[in-house]
Each structure stands twice: as C-alpha cells, then as structure tokens.
Amino acid sequence: MQTDIAIAQSAEILPITQIAEKAGLKPNEILPYGYDKAKIKLDPTISRKKDLGKLILVTSINPTPAGEGKSTVTVGLADALALAGKKTMIALREPSLGPVMGMKGGATGGGMSQVIPMADINLHFTGDFHALTAAHDTLAAVVDNSLQQGNPLNIDPRRIIWKRVLDINDRALRHITIGMGGPTSGVPREDGFDITVASELMAILTLSTDLMDLKARVARIVVGYTYDKVPVTVADLGVSGALAVLLKDAIMPNLVQTLAHTPAIIHGGPFANIAQGTNSILATKTALQLADYTVTEGGFGADLGGEKFLDVKVPILGKTPDTIVVVATVRALKHHGGVALADLNNENLTALAAGLENLGQHLKAMGRYGVPVVVAINRFSADTDSEIQAIKDYAQAFGAAAYTTTVWAEGGAGAQDLAAAVIEAADQEADYTPLYQPENEAIDKLNAIVTTIYGGLGVELSATAQKQLMAFKAQGWDKLPIIMAKTQYSFSDDPKRLGAPKDFVIHVREFVPKLGAGFLVAMTGSILTMPGLPKHPAALDIDIDETGKITGLF
C-alpha cells in the first residue's frame, strides 16, 4: 500500500495559473509562488457573484489515536461535489510544523483525497507561519526593550502576558528565565514559549477581514499590565504598523489544488483546542465568492472546532453553514466504547453501541444550531456491514442520515452518495440559532457551552478565574465571546473520560484576554499552549535522498 506522500509525489500537478483560472481568478489577482502555489491578492473586486455560494462545514466526533480522517473526508467530499458538476472549492487550515514533526501528522488529507503539493504544504509552504512567528517575537522584543530603556510605560515585569512563540513542540521552553547576563542583557524576568499557532496574531490573521482590520486588531492586543494594573497594548508600544508590515503577505490566502485538481485555499492554522480552530475569514469568504460550494472544516471534534466556527467565526463571516457534516469511524467509536487500539479490527457491536453515545452528543450539539446535519462514515477495510448499519440506524434516530465514504482509496468517487445528500441538505432552509447572545455574561456563555455542547453540568471557576472576571467586567471585556481551551479527546476536561460522560464540570483555572482577536480564552484542566514531543516523534521517520525525494512524511 502506497504512503500518502508517495501518492502525492506521483500525482499530476497542474500549473497554479490553470487552477486559478478554474477557480475564476484572473492572472493579475494572484501572486504565484513557483509552479504549484500562489497567494490570492486582497482585492475587493474578486467577487464574481451577487450571492455567496453554499457553505459546508465538516467536523467530527472526538478524535482518537485510531484516526477519523476528517481532512481526508473534507477533500474527498469536495472532489465528489466537483464530480457531480458543482463548482467547488476547499477552504482549509495550514498545518503546523509542531504536529508534523510530533505525533498528529499533517493536515492535507490522505490517500487519494489530498491537497498538493503535500510536502510543501506540511513544511514551510509560503512562509506564513514564519512571518507570524517573526511578528510575534518582534513584539516580545519590543516589550523587553521598553523595560530596558527606562520603562516609560511603567510595565510590571511580573504581569507581562505576551510570551514568545516557536512553531515546534518543545516542552523545555514552556517556562524560562530571560534577561540574564548583567545590565546590558535586559531586565531579568520569567517568560515562556507558546507554539506559534497559539499566538493571538494567528487568531487575528484568521479573523481579520482585510489588512487595515488586521492592523487595528493588532493595536488592541494586551501585552501586560502596569504596576497600577492598567492594561498595556500594542498601540501604547507604537508598533502595530510594523507588525502589520511583517504580516502583509501572510494575510493573503494561499491557493493550491487537490489530486483531482479541485481548487483549494489553505490559510491560517489556529488549533481548535487552544484557539478558534478554523481557517481564515478571507479564505472562506473568497471561496464563497468564487464557488457554488465551499467545503471547510473545524479543528478536532464538533465540541471544539465546530462550536467555535458557529459561535465565533460565523458572526464575522456573515454566512452560516448550509450543511454540517459530522465524520465518524467504526474504529474510533469502538475506542470510545472501551476497546483497546490493538483490538479495533475485531467486530464488537456492544462496544460500538457504547461509543455511539459520543456521536449522539455531537449530533445533539450541532443539531441545536438549526442547520441540517449529515453523518459521514469514513469506512476502513476491517469494518463490518453490521457495524456500519448500527451507525446509520443510530444517526437516523437523531434525524441525521449517515453515508459511508471510501475517499482514501477512491477519492471523490468514494463519496458520491455523501455529496448527493449534502447537495440536498444544503438546499433546505436553515434556521441558524447561535448558542449565546453577545450581551450574555461570560459565566452564562461558559455554562451554555458546557451544558449544551459538552453535555456536562456546568463550569467551576478557580479563585484566580473569578478574580479575573471581576477585573474584566471593570474593563468592559466581560461580554466578549468565549474560546474554550480544552482537551480534544473528551467532552470533559479529563482526556481519559471517553464516550459521552454526563456527571462532570469543566474547571476553568484562568482566563487569557485576547482583545485583538476579540475573545476571552478559558484555560481548562491541564491544557497546554506549548506541546511536547512524544516518545517516538514523527521526525525520526522523515528523510530525504540525494535527489531531494522526501520519505516518511506520512
């Protein structure tokens, strides 16, 4: 069986100018990055249609080590829609090097349902993440320089909340001391690193509507507090323009293609467990303006990327999904039902029935938004007909039809039934209802997410979090949308509680205000913003030969 990268390397790749033409972009509306990649210029005249196209949101059950193949289904579904004669585009996030070299892998799909050039996209791509890292760390350097140069803003070094970032999983950098080496080496203080995708700049990049909106959002970033506990912003430091300059190319969406030559826009990459987990507003909006159907996805499960797409991205995008597709696999559901990874290839209808409760909670959560929901069963070779039918019957009880897909092996041809169902569902009248209103109190928003989306009892705030909320109310920040930073493996904040637990509360240990992005991050459980490498990182399996051919990259 060929690896994903072997399939990608043997594929015919069309010139990016040809893909742009297929998408409806004129030659002067793109900036080619070589033969097979391009930036799409920020041009308000790109819109070719009076009405935006249909928006299909792909999400999934809680991920497991068994794999769900959400990105693979996303790509395969788009190719299937194209096969059905629909003008289709994909809008995905960019992969982070941390997981690529760590344990999760890339974000370009798999098998015959991939976006290409796969290796380039999973590695440095067009340099967006490097530009973002440089901008973020420039701001960090400016903060420390202000301390060194007499501290004119009266910044309290103990209350600086702007860490440094790196797009690599490196647990040793979570907590560090900087400014050592004497008076000429800066002011000593505690600091740390987050992974680049956790940067507020990444959230801003993906939520900005244009370059000036990005610059205005950057100016609102809070980097820390004075000795009098007054917020210090980028506007106070005077570098919003410089940071916007560093991001002027990164804000432009990236155009590539699938193996079947469906145009794909890949842009932005916030994780859904520590940020909003969606691709950029600009990428999605551009695709909607050009195509009849745009297929996009939310990171991790519907409890994270799905909820954040619907409650954080949709109000800015100004377009609700026309259909939500929830991806599930027999293997993952059996794992949620208690089956060990080594035994997932064996039929086990009892465990599957127990694990189906995880799917059920996601269907209830997505169904409450008033958008038609369809289930995609990503079929593996060991799945039995009885197991597949059990999922279909279960989903039907929630009013959601389920369809098997074999897109890894067959590409778009393996999702034709799913595509037909999505087309039919997208023609239904959606009645989108947000989970909460902007004027709701933060605690009410938190409880709505936990009780309605997660199926839990509510939230419990630490003393620190309670104190922060009181301070935020005084600042007028308490009505901002909520981003839950939570484990992706469970509805609860305990990654070991699989399935669909009910008797749990979510423990919020602290909040992180992200005024530039426009939300409050609720840090729950033991979630981290700088991952570590596993015992056997993926980097150990990646190699390159004398011809430049890469191996081991999935």
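For all residues, glycine too, the Cβ spot is worked out from N, Cα and C.
Taken straight from Swiss-Prot:
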BINDING   THR64, PRO65, ALA66, GLY67, GLU68, GLY69, LYS70, SER71  ATP binding site
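Each of the binding-site residues THR64, SER71 was scored by how many other Cβ atoms lie within 10 Å of its Cβ, and the smallest score goes to THR64. When Cβ neighbours within 10 Å are tallied across all protein chains shown, the highest count among the binding-site residues PRO65, GLY67, GLY69 belongs to GLY69. Counting other Cβ atoms within 10 Å of each Cβ, the lowest count among the binding-site residues ALA66, GLU68, LYS70 belongs to ALA66. In the three-state DSSP classification, PRO65 (ATP binding site) falls within coil.
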